[in-house]
Amino acid sequence: MSDNLFNQLGYLTRIYLRRDRLWIAGWLVAIVGLIAGTAVSFDGIYGTQSTLASIAATLKTPAMIALFGPFLAKPPYTPALIFVSEMMVFMGLFFVIMNIYFAVKNTRADEDNGVTEVIRAHAVGKLSPLTAVVIELFLINLLNGILIAISLSFSGMTGTDTNGNWLLGLGFAGFGFMFGILSLLLAQLASNARGATTLSYLVLGAAYIARMLTDVQNKNYTWFTVFGLIEKLAIYTANNWLPLLYMGLLTLFFLTITVFLSLQRDIGAGLLPARAGRRRASFFLANPLSLILRLERTSIIVWVCGMFILGISYGSIFSNIGDLIKTNPIIADLMSSDALRDSNQALILNFAATLSVIFAIIATIPAIIIILKINNDEKKGWLEQIHAKGISRLNILSSYTAAALLCETLCLLFALLGMGIAGMGAPDPVPLVRFLRAFVGYLPALYVVTGISLFLTAFIPHLQNIAWLLPIYGIFSLYFGELLKLPQWAKNLTPYGWVNRVPLAKVEWSHGFLMLLLTLGLIMVSYLAYSRRDLSGT
Amino acid sequence: MSETVLKINNLQKKFGKLAVLKNITFSIQRGEVFGFIGPNGSGKSTTIRILLGILRANGGSATIFGQDVWQNAVSIHRRIAYVPGDIYLWPNLTGGEIIDLFLKLNQQKHSTKTDELIKQFHLDPTKKARTYSKGNRQKVALIAAFSTTASFYIFDEPTSGLDPLMEEIFQKNVLALKEQGKSVLLSSHILSEVEKMCDRIGIIRDGQIIETGTLEDMRHLTRTAITVEIQEPLTNIQHLPSVHNFTPILTADKTNKVSFTVDSENINQLMEQLVKHKIISLQSTPPTLEDLFLRYYNHHEGGGEHE
């Protein structure tokens, strides 16, 4: 029986590892490099007690707790304590994203393109492909964890200890593996790779937001958010191994369900059954633009709703941030009520300005996905029939572009609306219209990013994934740049850095207008290249 | 009949340094069904993709309805219908939606003809394309193409996933197009299909058209298989330059029975020789397209007799 289920397991595992070796190495370099690089530089950045005290004060504010998790350390502070409070939640996200990537790639994506079927047709056990992925995920996470622990030991950062180094490394490994297995579980429910990825990110998003809310309200509840377990390791303070045990138990639980579900279902099928669709196309489905909108409908809706919820969840903590009296009751006596209101609003707007960058960066992600589909759909052979119709390449290119622009516009708008509406709960709320400054301010920058992606798509289709460097570096330079004290030019490398601190500051209209012109130029040049080159079919 | 629908002259295409098409030259007249045959990787699909303006040629010219296939792609495409060899459809649209979309993209409508075709091909249009087999995906493209009113139809190995019944329906529909005076370019591996439907044939190998003409023309250029039984032993036949594969067949009654192939153009000369040996029985098989096909592919390696 076991022979039947696990035949050729070792061989398959080796194949998966070998096939993914470049990606594994890439993630390893990115994750370990980021952690080690930060650790090495921290003594230099936070070398004095005064810099430590000021960053600790910043990290204690609700806004920072929402972004990075609670600040648990007690003075005297060390760079290592600052390091863990900045890195745990953020790097935890990276680990989960890596795990979702490998989990979906080697299960549903393989099923979608028929690889699993071919493998299973050989003398391979029923559970072998799934188990091979489980082993692969385990090894990837373990390797990352060990290398992180070792690199921390050699980083020379003040305040580290061996127990904490290994707990941090293995904690990340266990955390990543847990979400990897969860992703395998969700992959059994979805009916294709895209669905599995979407579902995994939805769950991740929900867990992250739950963590944020509990951290801001009452951090004892964070234990239940699953994502929050990573904070509870209390590295370099209590060095608590218990959360790692919980992660292990949850992993086993998810794994059991996954195996059960996987034995229930057929290859290529989801557990959510397919139902009969339309016999005829709707009136609306009639041209490339409506086709793309129809195909992307679900993911656009999910993105826009997700952004709205993200906005609401950040906005809901405005009442904690924009209330000076709460943090300092004496202030009420010292300030006039008008001055107090202005100060409270300034706090909110300052936080909102930081959030707006994040919203802007996230909003470009679905747009880039759509733009890259110009070539990706081509490779899948979906466009061949369209080319044979009386449809120009300009029509195809502009339809994808329009869908991308529309999607990111809605994403940014709804994130800001969500933030503004939920922020009404603050004692001195900022009028909703004020937040629209961020919308008008950032929109041109988003369009430039889309324009650059389109440019890459048109000119170097085989290297188009370079476009992802924009949001990745954007997040790194702007979300993280403050803490790493990056110079201004380094923040200006992506269009996200070209915008001033809206909604706190006024919209720079001439700036925005120039960016729109740049976008238009990029689109036109891209069209010229796209209309002249070969389209690589299957 | 002299109106030229498709005209390709010395068409060339390189992918990097690799010359995929070296010299493609042929034309299709109005009302003609043209068979385009050749081994895998010989350049059939590349030629078709150039005709559709998906790829750009490096040399030579190709026109459809007298218009350049690259410059005037859009206006040409309004009057053609195309079914690719490998059909990939959007997995979350239904077959019915895709058929309608294909029609609308050419400003045409779902008609009674469309419904009739859906019935003929036994397609369930309410299923998502994700669940379709290869044959069903082909049906979707075929139904859309046949219900499109066009002047020129291009089929790239359209029946490779269809069962014999569906293949017959495909052939019936192509013949109906022919009766309406439409032109068809049919690239196919199924030689019986080509033999049955095509007026003329072009054979492509290694990016070059090595032969075009009617099947009859081509038969003249190749060999007829002959099995003959004679009273007197054959002496000099096997030494004739036009006779190949000479094999005596030993039978129980010790008569002289042989089989061989002969260049079709020399058949008369051969007959004169055979008659002298008193023929008992004679069986002659004209070359099938399959023979032609194999002969062109095998014997032309390294520059054969017809070049």
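Every residue gets a Cβ built from N, Cα and C, even glycine.
Per TrEMBL, the feature transmembrane segment maps to A:21-40 (among others).
Look at TrEMBL and you will find A:52-73 (among others) tagged as transmembrane segment.
With a cut-off of 8 Å between Cβ atoms, the residues of this chain six or more beyond the transmembrane segment (A:80-104) that come close are 20, 23, 27, 30-31, 34-35, 38-39, 42, 46, 52, 55-56, 59, 67-73, 133, 136-137, 140-141, 144, 157-160, 164, 168, 172, 175-177, 179-181, 183-184, 187, 193, 196-197, 200-201, 204, 208, 211, 227, 230-231, 233, 235-237, 480, 483. Sequence annotations record features per position, and here TrEMBL assigns transmembrane segment to A:80-104 (among others).
Marked as transmembrane segment by TrEMBL: A:130-154 (among others).
The transmembrane segment annotation in TrEMBL covers A:166-190 (among others).
Annotation comment: TrEMBL describes A:244-263 (among others) as transmembrane segment.
The transmembrane segment annotation in TrEMBL covers A:300-319 (among others).
Outside the transmembrane segment (A:347-374), and at least 6 residues removed from its termini, the chain residues within Cβ reach (under 8 Å) are 63, 292, 296, 299-300, 303, 307, 310-311, 314, 318, 321-322, 324, 396-397, 400-401, 403-405, 407-408, 411-412, 415-416, 419, 423, 426, 428-430, 434-435, 438, 441-442, 445-446, 449-450, 453-454, 457, 464-465, 467-468, 470-471, 474-475, 478-479, 496, 499, 501-505, 530. Feature annotation from TrEMBL assigns transmembrane segment to A:347-374 (among others).
TrEMBL lists A:394-419 (among others) with the feature transmembrane segment.
Beyond its flanks by at least six residues, the transmembrane segment (A:439-460) meets 356-357, 359-360, 363-364, 367-368, 371-372, 374-375, 397, 401, 404-405, 408-409, 412-413, 416, 466-467, 470-471, 494-496, 498-500, 502-503, 507-508, 511-513, 515-516, 518-523, 525-527, 529-530, 533 of its own chain at Cβ-Cβ distances under 8 Å. What TrEMBL records for A:439-460 (among others) is transmembrane segment.
The transmembrane segment annotation in TrEMBL covers A:467-489 (among others).
For A:509-530 (among others), the entry in TrEMBL reads transmembrane segment.
Counted over residue pairs separated by six or more positions, the transmembrane segment (A:21-40) shares fewer than 3 Cβ pairs under 8 angstroms with the transmembrane segment (A:244-263), which leaves the two as not touching. Within the same chain, residues 126-127, 130, 134, 167, 170-171, 174-175, 177-178, 181-182, 184-185, 188-189, 226, 229, 233, 271 sit at least 6 positions outside the transmembrane segment (A:244-263) and bring their C-beta atoms closer than 8 Å to a C-beta of that stretch. Listed by sequence, the residues of this chain that lie at least six past the ends of the transmembrane segment (A:300-319) yet keep a Cβ under 8 A from its Cβ atoms are 62-63, 66, 198, 202, 205, 209, 212-213, 216, 293, 348, 351, 355, 359, 362-363, 366, 403, 406-407, 410-412, 414-423, 425-427, 429-430. Listed as Cβ neighbours of the transmembrane segment (A:52-73) (distance under 8 Å, sequence separation of 6 or more from its ends, same chain) are residues 46, 79, 81-82, 85-86, 88-90, 211-212, 215-216, 219, 222, 228, 230-231, 234, 236-237, 314, 317, 320-321, 351, 354, 479, 483.
Same-chain residues lying 6+ beyond the ends of the transmembrane segment (A:394-419) with a Cβ under 8 Å from its Cβ atoms: 287-289, 291-293, 296, 300, 303-305, 307-312, 314-315, 318, 352, 355-356, 359-360, 362-364, 366-368, 370-371, 373-374, 383, 386-387, 432, 435-436, 438-439, 442-443, 446-447, 450, 453-454, 458, 523, 526-527, 530-531.
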